[in-house]
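Record features (TrEMBL):
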type     : residues                                               : note
REGION   : 35-56                                                  : region 'Disordered'
DOMAIN   : 58-207                                                 : domain 'Glyceraldehyde 3-phosphate dehydrogenase NAD(P) binding'
BINDING  : ARG67, ILE68, ASP90, THR177, ASN371                    : NAD(+) binding site
BINDING  : SER206, CYS207, THR208, THR237, THR266, GLY267, ARG289 : D-glyceraldehyde 3-phosphate binding site
ACT_SITE : CYS207                                                 : active site, nucleophile
SITE     : HIS234                                                 : site 'Activates thiol group during catalysis'
Amino acid sequence: MLKLFQLWQPNVRVFLTSSLKPIRTLSILSSRLKSDKQCSSGGSGRREEDRSGDGCPPKIAINGFGRIGRLALRIAVEHGCPLEIVAVNDPGMKTDQMAYLLKYDSTHGTFAADVAVEGSELIVDGKSICTYSEGDPENIPWKDLEVDYVIESSGKYTTAKKAQAHITSGAKKVVITAPSSDSPMYVVGVNLDAYDSSKNVVSCASCTTNCLAPLAKVVHENFEIIEALMTTIHSITPSQKTLDGPASKNWRVGRGALQNMIPSSTGAAKAVAKVLPELEGKMTAMSVRVPVANVSLVDLTCRLKKGASLDNIKCALYEAMEGPMMGIINVTNDEVVSSDFIHSHYSCTYDAKASLALNDKFVKLIAWYDNEYGYTCRVIDLIKFMHAEGKC
């Protein structure tokens, strides 16, 4: 079984484990990946049944060029990831607007790459990426483009049945960037050992689950969680309204996002039970949407079977951070606030100073996560892991 396959590895060593951003050596590929496909005529004609062993990077298409979709492209380019973005589809955007929103981001800053438009192609650092504005994935020529993986980040195709449209169109596998009711769900650092390569559609769970699950796994394996309540203090999302308006289900979510703290639901506890079955029935959760643009916080309040001080818990997290969850979990002892975690690639940064204990068996654990950037890093990691397994 492979160890974690984060894009931040190999050659990552943590030297200053108590800091917010530990000093590390980071090996990054300097060359950009080149594509041999043409948008007008499809692929190069070299269709491989198994591209994982021929030295070729997997070909990736992005469906839904919103917050996650755009960051996936940025991360792939900025970090020289061994994968090739060959196409983007978004029915709500033309190519010139895709280029604009890719280049300029109010939260994560200006994209350092050169971005241009040639007809229906995005040109990123000289590499051509086909763009489409199709409402139905079955109309996109994934087969002609030799697409290995579709990053399904539109928010519309969150079940295996719906995402199957990408497979019908010729893609080999689909990674859904949201929880899925009928697809295997994987959280990097938590349950990749359960990966089933026979499934064509998988889910990378949610941003909150990717923060909560590693924390809960470490705590449960070391001290055994009897029961827990989780609250995520969550930044606003594009689905919210800037001013009061109607909402079909939870009326509170229709209230102005910039004016209110809004109690809402979250499926993170149910998702954690899927990736950590031993916690099924032991945890429930809620969210509170708050008026910040990015970065969220997990408050995990739990009763433990084995007594543990906060120092004991911190030590267990340090061990995970320096071992099996390197690049996934971080620990900070600094006086930090939410904006300090913008662009953090970690799934979960445990805040040692903000956490509390009533006694050695009842604790409140606080962890931060960039719900956009950190989560998207895990989406890329999951694809890299799947490809490294040699099953696609």
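Note that Cβ sites are derived from N, Cα and C of the backbone, with glycine treated the same way.
Cβ neighbours within 10 Å of ARG289 (D-glyceraldehyde 3-phosphate binding site), excluding its own Cβ and spanning all shown chains: 23.
Here the CA atom of ASN371 (NAD(+) binding site) lies 7 Å from the CA atom of THR208 (D-glyceraldehyde 3-phosphate binding site). In sequence order, the recorded positions near THR177 (NAD(+) binding site) (Cα within 10 Å of its Cα) are SER206, CYS207, drawn from SER206, CYS207, HIS234, THR237, GLY267, ARG289. Only THR237, of the binding-site residues CYS207, THR237, THR266, have a C-alpha within 10 angstroms of the C-alpha of ARG67 (NAD(+) binding site). Listed in sequence order, THR208, SER264, THR266, SER287, VAL288, ARG289, VAL290, SER296, ASN371 are the same-chain residues six or more apart from HIS234 (site 'Activates thiol group during catalysis') with CB atoms under 8 A from its CB.
For the pair SER206 (D-glyceraldehyde 3-phosphate binding site) and ASP90 (NAD(+) binding site), the Cα-Cα distance reads 21 Å. Across the fold, the C-alpha of ILE68 (NAD(+) binding site) and the C-alpha of CYS207 (D-glyceraldehyde 3-phosphate binding site) stand 10 Å from each other.
With respect to Cβ neighbours within 10 Å, the binding-site residues THR177, SER206, THR208, THR237 differ, and THR237 shows the lowest count. The D-glyceraldehyde 3-phosphate-binding residues named in the record, SER206, CYS207, THR208, THR237, THR266, GLY267, ARG289, extend over a maximum Cα to Cα distance of 16 Å. Taking Cβ-Cβ distances under 8 Å and a sequence gap of 6 or more within the same chain, the neighbours of GLY267 (D-glyceraldehyde 3-phosphate binding site) are PRO179, SER206, THR209. A gap of 22 Å separates the Cα atoms of CYS207 (D-glyceraldehyde 3-phosphate binding site) and ASP90 (NAD(+) binding site). The Cβ of ASP90 (NAD(+) binding site) has 24 neighbouring Cβ atoms from other residues within 10 Å, across all protein chains displayed. Among the binding-site residues ILE68, CYS207, the residue whose Cβ has the fewest other Cβ atoms within 10 Å is ILE68.
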